[in-house]
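Student: Below you will find the structure I want to go over with you.
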Amino acid sequence: MAGAAPADEDGSPKKTKQGGFKTMPFILANEVCDRFATAGFNANMITYLTQQLHLPLVEASNLLTNFMGTAAFTPVFGAIIADSYAGRFWTIAAGGALYQLGMLGLVVSALATALRPPPCVAAALSTPACQRANGGQLAVLYLSLLFTALGSGGIRPCVVAFGADQFGVGGRRPGGEQKWSFFNFYFFTMGLAVLLALTVVVYIQENVGWGWGFGIPAIAMFVSVLSFVVGYPLYVRVKPGGSPFVRLVQVVAAAIKKRKEAMPEDAGMLYQNKELDAPIAADGRLLHTNQLRFLDRAAIVTTTDAVDSGDEPDLWRLATVHRVEELKSIVRMLPLWAASITLIAAASHNFTFAIQQSRTMDRRLTPRFEIPPASMIIFTTLTMLVSLSLYDRVFVPLARRYTSRQAGISYFQRMGAGLAVSVLGVLAGALVEGKRRRAAAEHGLLDSPGTTVPISVFWLVPQYALHGVSDALSTVAHMEFLYDQSPESMRSSSAALFWVAGSLGNYLGTLLVTVVQSASGGEWLQDNINRGRLDYYYWLVTLLMALNLAYYIACFHFYTLKSFDVEGNGAQRRQDDGEGQSRSAERETELDAGRIGASKNCA
């Protein structure tokens, strides 16, 4: 029941006061070390692939984006395991162990000369002769990356929801009255870890060696797992409630089986069962809406459905209104969720092509010190951290005066602003690349990719900074949207959706690069970027991002917020807009007592 005391994963009641802010040092230490380890080897991996394994630029870029896409998709399986069988604690712990194995594999491949091709041999021409990594050497790399991807699948979908578990249930958001500051704090902390990795680890990789460059993140990952497990006695460990994906499939199956049944005129005749829904409806049962009415057939009670005997019905044939509305909520979210896919595809070039750009530019800070190419991403991270601080401390109090919203603006508006800024980020990249290429042509360096183009690498700062502002707005708002608008029992799965968007975004980035490479006959994207037309690629992405922004605005216009019965008596309703406030009455259409009608949805 909603008011039941929290229980451990084995179902036993808690014997001591658990949860709360005292668990945060252990949870955040785990996530900080994890993010440090991830950023430590991801940020400069394009350099390792091209300069140590001697892979062509396009192949290395696609390999990296495909790996990032796979790592972002595995959280779906992690969410299923956590919600259905193992619980979040053990899923996070197992994911950390798998990630550790993958990191150790990368360390071994960096240290063992047999697992890397020999160094390039200087040639009479400007380009030295390099031997590409063989199949066995690549196999070790792929296996190591696979383990890290599987480990990410256990960690990423569960950490935010596990942190929220420590602050209780019953409709309260993590952090109590602070509400969404929890998410800002979470992403701010992660940003600090990434900042440390981009400065310390990348410098070591470029100037000391890849053994230590991968070894330090591996040590951090070990600390991550250890710190998380040490906090075991303090955690609220919520018992798995069964896979939400199974419930969604059951609704679809029941609706198909009853596709020929006549819909009752009164929606109140659809099947309700408070006792059955209690474990998955602590915030209140979702109210019936008029959208996606085909799914309502799953809740039609027929003469063959034994609902009066007191036994649990066959859920593959009969679903409650709450379970039907769970599926509707997820379907309604998908169009807005999909807008983030193109955003991630556009940002993926910051870890590939932008690093290659910076490698050709003047990176000197002093006569003896150069900024490592991959460390340029630091400007994205720094801008994100500053933007998060200013957003919470300056923008929200100011906006609150005009909007009367506790959070200043809704997460829908915040996400839209982030998408708009991302368009400017890619546009800046196109302009700067055009300038860099013209400088190479003016100094006769089009055929000398290894020679520094006399243009400062700091011309890349605007595109990195704009992407940082976009992250501070859109990434946090995206997580807030998924957390708030998803059914409460599916918040781990919704966190998985956050990472699935990253997966699809990276795959889309790979597809886009492949299509551009084919359509341009290899002219736009070359190993020698001085001869290529990377600026044309950026202009294409800018156009796609502008179209994506228009798509998001259209979907937002038609989006309907979820509504649920606050007290479980069917007589009250609430629609959240991201601040716990109700939308105005004119945005609502009342059906029966306590039921909300819904406007058309983009889906």
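Just so you know, the numbers here start at 1 and follow the chain as drawn.
Placement of Cβ uses the backbone N, Cα and C atoms for every residue, glycine included.
What you see is a predicted model, and the numbers here were worked out from it, not measured in a lab.
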Student: Labelled transmembrane segment by TrEMBL, one stretch among 329-349, 371-391. Can you tell me which?
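Tutor: Comparing 329-349, 371-391 with TrEMBL, transmembrane segment matches 371-391.
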Student: Which listed stretch (63-82, 89-112, 141-164, 185-204) has the most C-beta pairs under 8 A with the transmembrane segment (496-516)?
Tutor: 63-82
Student: Sequence-remote contacts (6 or more beyond its ends) of the transmembrane segment (63-82), Cβ cut-off under 8 Å?
Tutor: 42, 45-46, 49, 55, 88, 91, 95, 145-146, 148-150, 152-158, 240, 243, 245, 348, 351-352, 492-493, 495-496, 498-507, 509-510, 513
Student: When you scan the chain for residues with a C-beta under 8 Å from the transmembrane segment (210-235), skipping those not six or more beyond its ends, what do you find?
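Tutor: For the transmembrane segment (210-235), the nonlocal Cβ contacts are 16, 18-19, 22-23, 25-27, 29-34, 36-38, 40-41, 44, 48, 52, 89, 92-93, 96-97, 99-100, 103-104, 106-107, 110-111, 162, 165-166, 197, 200-202, 204.
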